[in-house]
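First the structure, in the form of structure tokens, and then the observations on it.
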Amino acid sequence: MPRSFRLGGSLRSPQLRHWLVKRGQSSIAAEAGTSSAAAASTVPNAATNRIVGRWLLGCSGLVVGAIVLGGVTRLTESGLSMVDWHLVREMKPPQSRAEWEAEFSKYQQYPEFKIMNHDMTLQEFKFIFYMEWGHRMWGRLVGLAYILPTVYFWRKGYFTRSMKGKVLGLCGFVFFQGLLGWYMVKSGLEEKPESHDIPRVSQYRLSAHLGSALLLYCASLSTGLALLLPTHKLAETNRLMQLRRFAKGTGGLVFLTALSGAFVAGLDAGLVYNSFPKMGDRWIPDDLLAFSPPLKNFFENPTTVQFDHRILAISSLTAITGLYLFSRRMLLPRRAKIAISLLAAMAYGQVALGISTLLLYVPTPLAATHQSGSVALLSLAIWVLAELRKMPK
């Protein structure tokens, strides 16, 4: 039998054909596995985006802690207890009695002690010192939480080109926030012979300090949510675009209301009219525009500042209620509906907290809860915007 015939016959055998097919499938699977492994090792990818997103959410949580702790420090009038600023040296608080007395002696040279706390004991000073020290140390923790992972993720290639710009901006903002905090404290340590008011930090610098913290929080949270939450495939209808614009405007109003709270805190404006809905026995108080020029009232007159905060709060509640009612008539994803519903519920809770704080003459626990509520409300507004964002092109 010719060799060619025998070879052709063997190729036609079922066993040999099965072996060849199986070997070909194994080769294809191996090549596919190699390709998928190579794709998985390429960074950034979905897995690294989740890691970066969780890191940013963690950082935003630390910023919330700094905001709440800063509010409590303000409410307990502890913010002027540390009269100098050192990046590393002040990380260790006084240990011996001699060190405590030296620190107390420095505090005694400044207006807050001379005017308000001239009968303060060393033990009482330790409380306000530790409050301010804790706030500063928390700020350093926030800085490390942003900067160290940024260096690591950058070296590992976890950031896209656009993300590199964002995280550099966030880290720069953290540094700026620290400098702004000391700039704010300095305003409360200055001697003001022409003023008969109690020593306090400038309400302008306090608002800038809180506003920059809120911006840092909003940027971190929105960026983290964008990396973690899948974008909904929503039809770009006119009603959806109106809802999206409505949500952005409402979020801006919530931010502005929270920022106006810094002026209320800076001027102790929560203590001038402790009634609601009227201010005293009038809807519009007589001293609303007592300062000249009139524009000065919006930033330096406690009555006007409280009035503005009331108007902004009611406007925010009205806008959120309108957003909720408008969204009910639309087909939206389940997550988006939950976010809007929680935003509406939180808005009514926050207004109730604000009114209670006012009527009870601003007790520290309730006032701190009210400030925390403003951050919670802002967080929900950011979540709503994340759920309604457009699909990337």
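Each residue, glycine too, has its Cβ placed from N, Cα and C.
TrEMBL labels come from automatic prediction, so no person has curated them.
Feature annotation from TrEMBL assigns transmembrane segment to 55-75 (among others).
Annotation comment: TrEMBL describes 137-155 (among others) as transmembrane segment. Remote same-chain partners of the transmembrane segment (137-155), defined as residues 6 or more beyond its termini with a Cβ less than 8 Å from a stretch Cβ, comprise 48, 51-52, 55, 58-59, 62-63, 65-66, 69, 91, 164, 167-168, 170-171, 174-175, 177-178, 181.
Tertiary neighbourhood of the transmembrane segment (167-185): same-chain residues 59, 79-80, 82, 85, 136, 139, 142-143, 146-147, 150, 153-154, 159, 201-202, 205-206, 208-209, 212-213, 215-216, 219-220, 223, selected by CB-CB distance under 8 Å and a gap of 6+ residues from either end. Residues annotated as transmembrane segment in TrEMBL: 167-185 (among others).
The transmembrane segment annotation in TrEMBL covers 205-229 (among others).
Residues or ranges marked as transmembrane segment in TrEMBL: 250-273 (among others).
According to TrEMBL, the feature transmembrane segment maps to 309-326 (among others).
Counting only same-chain residues 6+ beyond the ends of the transmembrane segment (338-362), those with a CB under 8 A from a CB of the stretch are 75, 270-271, 273-276, 313-314, 316-317, 320-321, 323-324, 327, 332, 369-370, 373-374, 376-377, 380-381, 383-384, 387. The transmembrane segment annotation in TrEMBL covers 338-362 (among others).
Positions annotated as transmembrane segment by TrEMBL: 368-386 (among others).
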